[in-house]
Amino acid sequence: MYALVEALYPICRSITGSGVRQSLALIGKHIPIKVTEVRSGTKVFDWVVPREWNITDAYIANASGERVHEFRDSNLHVLNYSIPVRKVLPLETLRSHIYTLPDQPDLVPYRTSYYEERWGFCMSQHALDALPPGDYTAVVESTLENGSLTYGECVLPGESDDEVLLSAHICHPSLANDNCSGLALLTLLAEELAQRRRRYTYRFLFAPGTIGAITWLALNEERVGRIKHGLVVSCVGDGGGPTYKKSRRGDALIDRAMMHVLKQNAAAPVVRDFSPYGYDERQYCSPGFNLPVGLFQRSEHGTFPEYHTSADGLGLVAPEHLEHSYQLVRTAIDILERDRLMINAQPKCEPALGARGLYATVGGDKNAAQSNMAMLWVLNFSDGEHSLLDIAERADLPFATIWQAAERLRGAALLREREPSRG
Amino acid sequence: MYALVEALYPICRSITGSGVRQSLALIGKHIPIKVTEVRSGTKVFDWVVPREWNITDAYIANASGERVHEFRDSNLHVLNYSIPVRKVLPLETLRSHIYTLPDQPDLVPYRTSYYEERWGFCMSQHALDALPPGDYTAVVESTLENGSLTYGECVLPGESDDEVLLSAHICHPSLANDNCSGLALLTLLAEELAQRRRRYTYRFLFAPGTIGAITWLALNEERVGRIKHGLVVSCVGDGGGPTYKKSRRGDALIDRAMMHVLKQNAAAPVVRDFSPYGYDERQYCSPGFNLPVGLFQRSEHGTFPEYHTSADGLGLVAPEHLEHSYQLVRTAIDILERDRLMINAQPKCEPALGARGLYATVGGDKNAAQSNMAMLWVLNFSDGEHSLLDIAERADLPFATIWQAAERLRGAALLREREPSRG
Amino acid sequence: MYALVEALYPICRSITGSGVRQSLALIGKHIPIKVTEVRSGTKVFDWVVPREWNITDAYIANASGERVHEFRDSNLHVLNYSIPVRKVLPLETLRSHIYTLPDQPDLVPYRTSYYEERWGFCMSQHALDALPPGDYTAVVESTLENGSLTYGECVLPGESDDEVLLSAHICHPSLANDNCSGLALLTLLAEELAQRRRRYTYRFLFAPGTIGAITWLALNEERVGRIKHGLVVSCVGDGGGPTYKKSRRGDALIDRAMMHVLKQNAAAPVVRDFSPYGYDERQYCSPGFNLPVGLFQRSEHGTFPEYHTSADGLGLVAPEHLEHSYQLVRTAIDILERDRLMINAQPKCEPALGARGLYATVGGDKNAAQSNMAMLWVLNFSDGEHSLLDIAERADLPFATIWQAAERLRGAALLREREPSRG
């Protein structure tokens, strides 16, 4: 997973352009990706698909012609979506086109100007301060022309047409955590799920933030009702959190599954109520859709000092954090796949588990004790009202333990399946 | 406001009599007051309007004829509703007619005997202890005769016949906080509201505690259903609290408005569940009426040491506390006036706020950031289920901020009004 | 009560056999007991009534014929339900038939083997360590033969056929707290209730744990619907807790009554949600019955160090703890008997309590103040929606105080009774 983060990191992405296509090509080495191109000018709800932006070079040169700041060193060095420019101007005038972080003077900010035509550069405050007065040549060799917005999908059909939507934004350039990490996690998750029997159909969506999600929703409006569960994944490689932000509904199965998984598997999980700010859950959870889509992150966007700066590099992301994030998401998907309403076939008094060899004699064997308790919980609450996840929550036991107990009891004909009445 | 407190303070009020009429006359200099006189003996539910009490003088004189304690120094010095007396008696016998506060020996208590015929005086423990043995003449020049109970109303008609009831008791004599403060606050609030466009009709009621509220309810029983929101106001000039005691319903709009206002505007607000003890909310919230009427105070009655003593003087009340209390109540009234269910006109995805010039570019401008967030909250939750107050609570933003965002969005045709389905 | 604990303590009980019959005979000296014998082999739901176990002697003798460990010293010394044995074997082989508590080396464990045929002894670790190597004779003179399972019932008819079930397990041998204490408490409670007018019919059930409750439920299935409230009572003589474990329903009247009683009468009460492990509430609350039956204990089973060891002797149980437990249960029963929906006959404004002599003038008399407040609470909330227990909970006053206030108000015709709509 970390290798894929490394491969994605150097690409200069934006909300349109060749960077997105290159990234999808990398992802496409792991999983089948269907790429969709949507022409500039296409109306998508209240928005219009913008012109396509591409960039080949950008730099600031001093009077001697030396490049004192250039795009080739880092694609953060240019204002994302900067219009082309080639101009000689004194430092004082140039300053108004240079973005810095005075409070974090060593770092270069990540800045964009999608919907207002501007040209500019991003620089550390220290680098700006080091520029001597004089005339400078500012060059941005970019194009902003009719073209298309690009997104990629990987769909894994399941037993049901009901869908699980897993979505990551693919518009940020060299920011490792935000969101090479999310792209890599979902890519490898798709690779694994492709090998498994699937109750649900899985749709992985790699699209530029905001305008990409809006475009996808606009073009797939009639299909949206199939989405029964969903998760936006971003910033999943750092050491913070983990954090789950609930869907607007707040009590969707994905909300309960993620909260259960974080509670059972993380030392200090953070759970947030829905708010209308963040990543593309803003669009999925707009009131006209109100999809059951939550957001999974480690550190929360906007709260960690490296956020949207050059410090969000490969060093911020660690393989063990990526792996932990992956396990959390996959465990939640296990819950979506396995949660069911089961029915106790002998609901009057406890069945004689011991006589059936199901009840382990406990001699300090903690696993056996937990397994016994799990069977008692499953039997007592499999009354047609409580799903396996309900029971796991009530028992405060891992879902997997409850599910294994249910499987044993089903094997002994003490439990039978009922179709879930909710989803 | 403080000046009105000062003017009201010296008057000797009781549950009937000329003190109430004088107080209403003072209030009537600010706002139009309709005075109602209800004859002694009138049956009001389980009660009977009592005889009217008036007093001209009262004192205790020693054997030399010196007045050692007299009503003219403070109207607290006589037992409120004391029957007339003129009697010479030794100190030991007199003692049983003198009320003191042994635990607060410098203070004179406020005591009443409305429903049992007694005569008596109230004195500090120190003053009582200083009386030498001997004979004393006790004189109370009062009348207790058929007359009437007096209350005053100021009604400000609004667009709707639905009413907001604002009620303060007018029966306590020289107690500044309890309740010259409440009378003054409501008077000036009525003066301000009279100048404004009003969604609701406002009824300000200045009536003696308990029997006054009971009398009003008895005489206005058919009109009570118009009261959609209400607030009893007392003890609003001291430095404690502020305190809101919920209506019996507990989730009325006035409850939610006051709790929101206190949370947003007070450092350490106190919120109490309804209990059947306190001021006239006891009557408004009796089960046969169950009106949505709460109680607003600063310090809670009965809990501050000056309560019902001579220490509840003009020094206990401060202009800044009165002003803060006033702002809290007025802000709650703004919520009653402005809370509405709005409908997002473009509920699928976020609208392009930037393209409309609505989305302020944030550059450290905290107000702009809050305004942007407020618009996102309003758009996301204006789904026909959440009123503006619901949204303010969920967003944890001041109602005014949410309301301003809604006005901007309505101006841009992104939001339209729907009549509230609750009140 | 303690004397009955002392009398029950020495008897060697098990899930069947003469020990249960002797215990019921002792209880029968206080209250009429109907004894039921259910033949071995009877099918009861998923279980079969086991063969009856009786024991006359058991010991381990050394090579010299000296008894080094014997049943006569303590009936815990033999594995409960041990099959008969008479065998000479070396210490090393004998060890596998000896149960100890290595972590509590001074204590003898209580161990059973009801459903697997084993023979064995229980011993302190120190006693085992003190046995020199060599051959030993192991003797258990027991019988495991077709017979019956025995339980006892005491039914006190009430005005209604609706039943309150009070249940204690009678299968543990010399363990004073677990459950001679529960047996004694219920016996004396039945003795007291027999003298009282009863709204409900009371069923006291003394049956062996698990199999006894299952047998009773199987034989009384058609009668189970009459049980409106129920309590399992065990471990009520020690100094811990008190602890109430809610019924599976969680909001049954017995749950609310017990929680109210514990909150009002215990310094540090413990309340647990239902879990499917514990005593016979496991069976009563199995999903096919889901009876409103909770569990009352002082220390929670399994959590105190003396649990299921020889340390659970007469010294662990104290008369004052028994008495406190008794008062708690009886107070909860008072609530079951007295909780009602009352209707305020004059719901508009407060009635004139003073004029009726109901409103005590408060002069530092705390009881009078509480009684006044209780009347106000009862009047305000007797609206057909709130029972007396609802009001006691809301007022945070003892149920008895609320009930007395209601009786006074009923006496003054200010309150009338309505049949409760819930049970």
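From the backbone N, Cα and C atoms, a Cβ is placed for every residue, glycine too.
Automatic prediction, not curation, is the source of TrEMBL annotations.
TrEMBL annotations:
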type    : residues                     : note
DOMAIN  : B:2-339                      : domain 'DUF4910'
DOMAIN  : B:52-143                     : domain 'DUF2172'
BINDING : B:His172, B:Asp178, B:His308 : Zn(2+) binding site
DOMAIN  : B:342-416                    : domain 'UCP01524 winged helix-turn-helix'
Average pLDDT across the domain 'DUF2172' (B:52-143), rounded to a whole number: 96
For B:His172 (Zn(2+) binding site), the number of other Cβ atoms found within 10 Å of its own Cβ: 26
Cβ-centroid neighbours of Zn(2+) site B:His172, B:Asp178, B:His308, 8 Å, sequence order: B:Tyr110, B:Leu175, B:Asn177, B:Asn179, B:His301, B:Tyr307, B:Asp312
Sparsest-packed among the binding-site residues, when each Cβ's other Cβ atoms within 10 Å are tallied, from B:Asp178, B:His308: B:His308
Three-state composition of the domain 'DUF2172' (B:52-143), taking helix and strand from DSSP: 15 helix, 37 strand, 40 coil
Per DSSP, three-state class assigned to B:His172 (Zn(2+) binding site): coil
Residues in the domain 'UCP01524 winged helix-turn-helix' (B:342-416) grouped by DSSP into helix, strand and remaining coil: 40 helix, 10 strand, 25 coil
